[in-house]
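According to TrEMBL, the transmembrane segment annotation covers 21-46, 61-79, 91-116, 122-146, 167-188, 260-280, 292-313, 333-355, 367-388, 400-422.
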Amino acid sequence: MDRVPRFLFEVLTEPQRGGESFIGSIKIAVLPIAKVFTLCFLGFLMASKYVNILPANGRKLLNGLVFSLLLPCLIFSQLGQAITYEKLLQWWFIPVNIVLATILGSIIGFIVATIIRPPYPYFKFTIIQIGIGNIGNVPLVLIAALCRDKSNPFGDYETCSRDGNAYISFGQWVGAIILYTYVFQMLAPPPEGTFDVEDSNLPIKIPNRDRLPSHPSGSSAEQVPLLATNVAPADSSVSKKEKVKEFFKFLYEKLKLKQIIQPPIIASILAIIIGCVPVLRRQVFTSDAPLYFFTDSCLILGDAMIPCILLALGGNLVDGPGPGSSKIGLKTTAAIVFGRLCLVPPTGLGIVMLADKLGFLPAGDKMFRFVLLLQYTMPTSILAGAVANLRGCGKEAAAILFWVHIFAILSMAGWIILYLNILF
């Protein structure tokens, strides 16, 4: 009988393939989550009515500061220092992986939504909440917390954080394009014009033919111009310029370029361009560069991004799930949480393992594989919640973000333990 406890003790404490025991692997995986939870709890405490240092307006300003300044500085400094033209060619699978994660997550979301049948009109909403993960903020936080641990298997803090942040930042532009094209279209309001089902019986828009009499000639009133005027022929060169101008304006609005071209995306593009051009790189990113003071300033500001965003995230949880939970229902909420945190990660593990077997990934780069796996493991994207707010279902998205981030604390720890044991 003494052999069983002895065997279990040896399994838990003896080093595995990567030189870490099973208990050591749990420690490496759980400590970053514990650090994230601690900072979020402090934000929650600061936003509570007992302290009230971070009220709603303060959290909004803090979120704006993170998104407009601190996150772009972190991306620019870390990605710019790590990337070169050769690495750009090696990292091609990162944006491909984000697209695959979106496709596979959406397929899983469609299957889940078909099975549970969420209340009208939240079918596409369910697909998006399962299919779109957080590929930026939360992975950056986890990498920072993981690399601070001296026993982490990815090497010293500087190399670990620089490579991890660079890999995560490299895919930011793809995520932004997906958010403001695919997600924006999927979260369009239903034909009634609103997500408020209770108000769906009220007429939202009365067609013109019901309000206005038909034109005597038999055509409807909406087809008749209000003013019958003769347009004077314009100069051909002016009209061509106007047509070109109108075309680019239409393209700008249709592609949602204003939403896509955000500060983090601009920082990513600048870092890639400067980092890949040797002449520019030597002027900005090397330690003896004449403009390195700017990069160093960005590094200092970038270090402030992690605590600020966690304080804001914790503060946002102080209001609870809000009224959106009752609209979605317990069954749909539980299905979204389960689908996002439990069904999507195994598909990602299969994709990354297959890509590794096919030789698509840089040889021997464990951090590269770890970041790819994290892209499938994260909770629902916070920016997807912002897009949902633009489309009129912000309260429902806030409820989902609340519950999925609560349960992600447990799920991420479990998946990270599995990933570390597979990689090392």
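Keep in mind that glycine also has a Cβ here, set from the backbone N, Cα and C atoms.
Here the transmembrane segment (91-116) does not touch the transmembrane segment (292-313). Their Cβ atoms form fewer than 3 pairs under 8 Å, with each pair 6 or more residues apart. By the Cβ criterion (distance under 8 Å, sequence gap of 6 or more), the transmembrane segment (400-422) is not counted as touching the transmembrane segment (61-79), fewer than 3 such pairs being found.
Counting same-chain residues at least six beyond the ends of the transmembrane segment (367-388), those with a Cβ under 8 angstroms from any Cβ of the stretch are 91, 93-94, 97-98, 101, 105, 125, 128-130, 132-139, 142-143, 154, 160, 163-164, 167-168, 171, 175-176, 179-180, 183-184, 187, 313, 336, 340-341, 344-345, 347-349, 351-352, 355-356, 361, 394, 396-398, 400-401, 404-405, 408, 411-412, 415-416, 419, 423. For the transmembrane segment (61-79), the most Cβ-contacting stretch among 122-146, 260-280, 333-355 is 260-280 (pairs under 8 Å). Tertiary neighbourhood of the transmembrane segment (21-46): same-chain residues 11-15, 53-54, 141-142, 145-146, 148-149, 151-153, 306-307, 310-315, 317-318, 409, 412-413, 416-417, 420-421, selected by CB-CB distance under 8 Å and a gap of 6+ residues from either end.
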